[in-house]
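Now, the feature entries from Swiss-Prot:
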DOMAIN    4-167  domain 'EngA-type G 1'
BINDING   10-17, 57-61, 119-122  GTP 1 binding site
DOMAIN    175-351  domain 'EngA-type G 2'
BINDING   181-188, 229-233, 294-297  GTP 2 binding site
DOMAIN    352-436  domain 'KH-like'
């Protein structure tokens, strides 16, 4: 599902990040404590009254070296470009400032709904001071203390009320994929080459985000695809377009909307920290993954080049051991014909279901090879396992005590399941549950 976007804006020190964390709460989860698997705190998923939304802390995107008003303008511009709903945070302690008025004028000219959150209203006596904020012309101010959690519910109610109506999903048989990576890795060239290679009739479809143009196409076998454009990547003249955090945010939004993610690496430049960061987010989100090394034609190669690259990738991306690696050239079209079929194969892995009887045979065989562990004289007992969902495939293993299921044994079972059923290109999740 494509989530609507809520952006938090406001001058420094009004409590934007505190409000962000209060709304996001514990919903930001690190699935595995593995080096390179991180989630950027400027982007999270919020939920209230059974409605989910993407949450952006624009303050996290600031260039701290930029002039004060440039930072403010920068935030407001991102919010206007990206958000369905804008939460404008001001400080009840300091009252209306020139910077607040500056942002209010920018936001007033947009057609986006704006919620005026007066933060740092830490005691009832201060509520009388919020009426000054009506002068900003943005409607009713919502008093809040994000530190204490006061008023957050009212702000969330207002957010939900102003979110756009939920949109229907694309045809379930459509495979949604995106190409992500640092600037200048050749994403645009790859997109154009893929479309040309498939000789498809591609039609631009207005995306659910403001500036996204997705490309819907059908291959020669009748399989439908939706190629998700990382919105705004091609826009020019934006001061913030080349900042890494903004690029990360764009990539994260594309990942959220994708079934399969193609991580594009520049063969000339090698693997960078950005690549691992984005790959970690896609892994956590349970997306299918392909590691695409582009500009392969520009490297001088010998008989060991491919093996060296594969070894380095496996070392740098240890959490992506399931992801296939493909070396391509958008310029010469080398191996591009293999990409659509690989995307399709990984989508099938993401949607694969294993009958419980067959799954439990594999689990029992695994236990015979490597008996369950013991702790303080008590042995882990596995009663049965079942698959509970797809995208990614998720399995629940019912046991006598959850605490006895050591991470290493869970990983062993995952490897046995992968050996039996392949699951190429997709993470799989195993969850231990105590049998009731």
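All positions are counted from 1 along the displayed chain.
From the backbone N, Cα and C atoms, a Cβ is placed for every residue, glycine too.
Recorded residues residue 121 (GTP 1 binding site) and residue 181 (GTP 2 binding site) have their alpha carbons 42 Å apart, per Cα-Cα distance. According to DSSP, residue 13 (GTP 1 binding site) sits in a coil region rather than a helix or strand.
In the three-state DSSP assignment, the secondary structure recorded for residue 184 (GTP 2 binding site) is coil. On the 0 to 100 pLDDT scale, the domain 'KH-like' (352-436) averages 95 in the predicted structure. Closest in space to residue 10 (GTP 1 binding site), of the binding-site residues given as 181, 184, 187, is 181, taking the CA atom of each residue.
In this structure, the CA atom of residue 187 (GTP 2 binding site) is 33 Å away from the CA atom of residue 16 (GTP 1 binding site).
Looking only at Cα atoms, residue 184 (GTP 2 binding site) sits nearest to 58 among the binding-site residues 13, 16, 58.
Neighbour counts of Cβ atoms within 10 Å were taken for the binding-site residues 58, 184; the minimum is at 184. Take the CB of residue 181 (GTP 2 binding site) and look out to 10 A: across all protein chains shown you find 24 other CB atoms.
Helix first, then strand, then coil: DSSP counts for the domain 'KH-like' (352-436) stand at 32 helix, 24 strand, 29 coil. The 10 Å shell around the Cβ of residue 121 (GTP 1 binding site) contains 25 further Cβ atoms across the protein chains shown. Distances between the Cα of residue 296 (GTP 2 binding site) and those of the binding-site residues 13, 16, 58 are shortest for 58.
Looking at residue 13 (GTP 1 binding site) and residue 181 (GTP 2 binding site), their Cα atoms lie 32 Å from each other.
Note: the Cα of residue 16 (GTP 1 binding site) and the Cα of residue 181 (GTP 2 binding site) are spaced 28 Å from each other.
Across the structure, residue 58 (GTP 1 binding site) and residue 181 (GTP 2 binding site) are spaced 21 Å apart at their Cα atoms.
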